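Just below is one structure, and these are the notes that go with it.
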Amino acid sequence: MISPSTKLYGLIGYPLGHSISFYIHNAAFRALSIDALYINIPIEPESFSKAILGIKYLPIYGLNVTIPHKERIIDFLDEISVISKLIGAVNTVYLEENKWKGENTDFGGFLETLKELKLDKDLPCLILGAGGAARAVVYAVIEYGFKEIYLTNRTYGRAERIAEEVKKNKNIEIKIIPWQERHKVDEKLILINTTSIGLDGKSTPWNGNFKSIAFVYDIIYNPKETPLLSLAKENNVPFKNGLDMLIYQACLSWNKWFGFIGPFEIMKREAEKLL
């Protein structure tokens, strides 16, 4: 129930039609009797600067940030966390001591799922993509303890930049594979898709051999089963979509907004109704 003292939280990005954040956060607010409302705030890229300056003066207590604004938001914040600096992206904004601060909970959300899956750290992982999500995933797999990491992207230079930054920040070598040669890796590995290929429910970033794949992780959560995951299923390869990562990053946002981690099971139940 909205009241005169209801606190506003929201999601900024463009477009926002695919997002279920509105539903999961509001379901959790209702379940825990928190007097708050989570709203979608679609901001077109060309209007971003003016819009974000306006938002900073409105009674909004916290934000999630999605594509294409995760990198641009940094310039408008007073402080960002160490991991946000490393990744170069922020997906959670919170107000503390009258300062707007930024955190990256995509990193923590993905890391939580890796811990649950207990994937073999001795297997190499091949990460598809080199956008903001890929950066969070790269640092999460390093934190988890994978010994060998391959990275491939349609734009070779973007993958190269991530590898250079990781070498500088963590002194860890990431091997870059040209996109057109990604299927040539023939050792047993874990495949992680961070690209948007599959969002349309028709395309897949991997048409190669599944015999060398030990596990497939697609961070897309809608559709629930992307063509990549359907292929994994057909080839009897265990797989996971991005829903738990989404829920965990949402729960970790609450830690910055309210001082406690959000209710995972409540949010997940709501998400599963929608997908």
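Here the Cβ of each residue, glycine as well, is placed from N, Cα and C on the backbone.
Source: prediction; values computed, not measured.
Just one of Gly102, Gly242, Gly259 is listed by Swiss-Prot for the same NADP(+) site as Gly129, Ala130, Gly131, Gly132, Ala133, Asn153, Arg154, Thr155, Tyr156, Gly157, Arg158, Ile219, and that one is Gly242.
Under the three-state DSSP scheme, Gly242 (NADP(+) binding site) falls in the coil class. Less than 8 angstroms from the CB of Asp106 (shikimate binding site) sit Ile87, Ala89, Asn91, Gly132, Ala133, Ala136, Val137, Met245, Gln249, each of them six or more residues away in the same chain.
Of all residue pairs in the NADP(+)-binding list (Gly129, Ala130, Gly131, Gly132, Ala133, Asn153, Arg154, Thr155, Tyr156, Gly157, Arg158, Ile219, Gly242), the one with the greatest Cα separation is 26 Å apart. Across the residues annotated as binding shikimate (Ser19, Ile20, Ser21, Thr66, Asn91, Asp106, Tyr221), the widest Cα-Cα separation comes to 17 Å.
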